[in-house]
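Asks: Let me begin by handing over the structure; questions about it come next.
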Amino acid sequence: MNRRILKLAVPSILANITVPLVGMVDIAVSGRLGNVAAIGAIAVGSMLFDLLYWNFGFLRVGTGGLTAQAYGRRDLPGAIKYFVQGEATALLSALFLIAIQWLFVETAFTFIDCSDEVQELARKYFFIRIWDAPATLSLMVFKGWFIGMQNTVFPMIVDMTVNIVNLSASIWLGLHTPLGFAGVALGTVIAQYTGLILASALMLIHYRKLLRHINIRRDVRFKYMKSFYVLNANLFLRSLCFMLIYCGFTSLAAHYGDVQLAVSTIIMKLLMLYSYILDGFAYAGEALTGRYIGAQDKPSLKKAVRLLFIWTAGLAVISTAAYGIGGQWMVSMMTTENTVIEASRPYMIWLVIMPAFSCLAFMWDGIFIGATAARAIRNGMIWACASFYVCYFAFKGIMGIQALYMAYFAHLIARDVYMTLTARRQVFARISQEKTT
């Protein structure tokens, strides 16, 4: 079982490591353009896309969980059906986002409090990057489907290609062409479409025998997509709560000025570095949980969950040590602005304690997704979102911006507690429930 876990987790970890590096390079490029506002603009511009794309995270999550269970049942026609339904939803959603881009930006900046210079640069970033929406949303479906098919190598190949192209293009266009800041956004657009072409090619080559089961006219009818949409409606609410937390973090940090916004952006990128590594095991949990529930194999499910948490605990210990020893050095690698580096020192403690608070939440997330326990995932995130805002507004008068970091960890604790208490009913009992139906 350990070999199976690592076979699924390691490719995802290798791919995920490059994801935050792209964000860090975007910040590093902006930090070398001679303007502190450029760092904040990357944060705000990225937040705007988080507002959009995180709400569509259900495309990967829902497709992955349903496909994994179909794989466990050996229902390959059902697996390809979920891919078709996911892609149809992704493309329609992308067209909708492009259509409302101006309305969205104008509405967003009525709520985001930042300097005029940050806002101007963030708008420029957004109106370039919005054109990668069809590729970005389609890649979510590809990734979920590959993971559900117990294949994390293809997502690794696609993700690493996207991220390498993004890194190269952003550095070259941002620092070595007249585009400057706009080049950072254009590099992302180029990378996303490169990834979509590659993912399509991999599927056509490796899964070509499954393509004969595709019946677009049948699969996209509402009566066949109803269960897909019911599941994803709950996952959409989960994504909305994630968005309210992560985007709220950036928006609230902007109230404390451009320097604190830059600090919070860097700290959050470093915090996310660990979570991207941990997501590799979460993806393994998603794939194996769905597979064993589909196959009605409770002993294997229990063994997989136990071993996944052992791996997660070990990773948390290593990450805590890494942040404790090298956290300040990591900050200095992301900006040359001494004011930002010095202002970050009081927040290093959050880097150190983050792994211990987040390991349960991220691991349970993958397991619950594989079980397609969408209502429980939704309810847990509602509690977590409420915990974030209650904690911040309760303590901001006493702690200032430190209350914002504490609120972020409060939401992790809420997820830990809720999912641990409900796991028996929402995950393990699903096999016995399905046997009686």
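Residue numbers in this text run from 1 along the chain shown.
Just so it is clear, glycine is given a Cβ too, placed from its N, Cα and C backbone atoms.
What you see is a predicted model, and the numbers here were worked out from it, not measured in a lab.
Here's the feature list from TrEMBL:
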| type | residues | note |
| --- | --- | --- |
| TRANSMEM | 12-30 | transmembrane segment |
| TRANSMEM | 36-61 | transmembrane segment |
| TRANSMEM | 82-105 | transmembrane segment |
| TRANSMEM | 125-146 | transmembrane segment |
| TRANSMEM | 153-175 | transmembrane segment |
| TRANSMEM | 181-207 | transmembrane segment |
| TRANSMEM | 228-254 | transmembrane segment |
| TRANSMEM | 266-284 | transmembrane segment |
| TRANSMEM | 305-326 | transmembrane segment |
| TRANSMEM | 346-364 | transmembrane segment |
| TRANSMEM | 401-421 | transmembrane segment |
Asks: When only pairs 6 or more apart in sequence are counted, do the transmembrane segment (228-254) and the transmembrane segment (36-61) reach 3 or more Cβ pairs under 8 Å?
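Replies: Since 3 or more Cβ pairs under 8 Å link them, the transmembrane segment (228-254) and the transmembrane segment (36-61) do come into contact.
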Asks: Do the transmembrane segment (181-207) and the transmembrane segment (346-364) come together with 3 or more C-beta pairs under 8 Å, pairs six or more apart in sequence?
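Replies: No; fewer than 3 Cβ pairs under 8 Å.
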Asks: Of the stretches 125-146, 153-175, 305-326, 346-364, which racks up the most C-beta pairs under 8 Å with the transmembrane segment (266-284)?
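Replies: Top-ranked stretch among 125-146, 153-175, 305-326, 346-364: 346-364.
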